[in-house]
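What Swiss-Prot records for this protein:
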{"type": "BINDING", "residues": "12-19, 59-63, 117-120", "note": "GTP binding site"}
{"type": "CARBOHYD", "residues": "Tyr34", "note": "O-linked glycosylation site"}
{"type": "LIPID", "residues": "Cys189", "note": "S-palmitoyl cysteine"}
{"type": "LIPID", "residues": "Cys192", "note": "S-palmitoyl cysteine"}
{"type": "LIPID", "residues": "Cys193", "note": "S-geranylgeranyl cysteine"}
{"type": "LIPID", "residues": "Cys193", "note": "S-farnesyl cysteine"}
{"type": "MOD_RES", "residues": "Tyr154", "note": "phosphotyrosine"}
{"type": "MOTIF", "residues": "34-42", "note": "motif 'Effector region'"}
Amino acid sequence: MAAIRKKLVVVGDGACGKTCLLIVFSKDEFPEVYVPTVFENYVADIEVDGKQVELALWDTAGQEDYDRLRPLSYPDTDVILMCFSVDSPDSLENIPEKWVPEVKHFCPNVPIILVANKKDLRSDEHVRTELARMKQEPVRTDDGRAMAVRIQAYDYLECSAKTKEGVREVFETATRAALQKRYGSQNGCINCCKVL
């Protein structure tokens with residue numbers, strides 16, 4: 001029996017952990033060196049609720065320099081992972097400011113999973129000290145949940161690519177969301193060529 005194919009696109013600020021999340025899930029290895037992504041694709045097989053699914057994983061660049069290139073990733077998307085980092089309250093602020101408007105524009109009826117990356121850094125003393133200097137603190141679970149409600153996300157999950165905690169759950173949840181029937185006049189992402 002042929003696998004069902006679904007397309008997953010990951011968005012979020014630069015350095016918020018998108019690429020590490022994808023690499024840990026698809027290759028089971030944690031990259032120790034940060035190299036900003038321009039555009040990467042991975043494929044991973046996952047079984048959810050007895051269904052074999054081939055997930056096309058589309059990594060995107062979070063930096064503003066790529067704001068005009070990123071929409072090329074959106075056509076035919078089945079689910080969005082919208083990421084922020086627990087050690088960067090600013091990356092959570094950018095969810096409603098930047099990422100939701102962009103995704104809702106190009107993918108109006110695609111389910112969004114809000115993902116808190118780098119969960120392991122929430123209790124890291126060095127991170128807490130650095131954030132305290134700027135009168136900030138790591139993002140709390142309640143803040144993430146509240147944001148998920150605010151943006152009407154399909155679900156909210158937390159994970160750590162470094163410890164692998166929660167990684168599989170993120171992709172299982174995303175796959176379930178991608179498999180659900182969509183409602184609304186527009187199925188999936190609009191073809192960005194029409195809007196550019």
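Placement of Cβ uses the backbone N, Cα and C atoms for every residue, glycine included.
All features noted in Swiss-Prot, drawn onto the structure.
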residue: Gly12; record: GTP binding site; Cβ neighbours (10 Å): 27
residue: Ala15; record: GTP binding site; Cβ neighbours (10 Å): 19
residue: Lys18; record: GTP binding site; Cβ neighbours (10 Å): 27
residue: Tyr34; record: O-linked glycosylation site; Cβ neighbours (10 Å): 11
residue: Thr60; record: GTP binding site; Cβ neighbours (10 Å): 22
residue: Gln63; record: GTP binding site; Cβ neighbours (10 Å): 14
residue: Lys119; record: GTP binding site; Cβ neighbours (10 Å): 25
residue: Tyr154; record: phosphotyrosine; Cβ neighbours (10 Å): 18
Stretch-averaged pLDDT - the motif 'Effector region' (34-42): 81
For Thr60 (GTP binding site), what is the secondary structure by DSSP, using just helix, strand and coil? strand
Nearest-integer angstrom distance between the alpha carbons (Cα) of the residue listed as 'phosphotyrosine' and Gly12 (GTP binding site): 16
Give me the Cα-Cα distance between Gln63 (GTP binding site) and Tyr34 (O-linked glycosylation site), rounded to a whole Å. 14
Spatial separation of the residue listed as 'O-linked glycosylation site' from Thr60 (GTP binding site) - C-alpha basis, Å: 14
Rounded inter-Cα distance in Å - Lys119 (GTP binding site), Tyr34 (O-linked glycosylation site): 17
Between Lys18 (GTP binding site) and the residue listed as 'O-linked glycosylation site', what C-alpha distance do you get in Å? 11
C-alpha spacing of Tyr34 (O-linked glycosylation site) relative to Ala15 (GTP binding site), in angstrom: 8
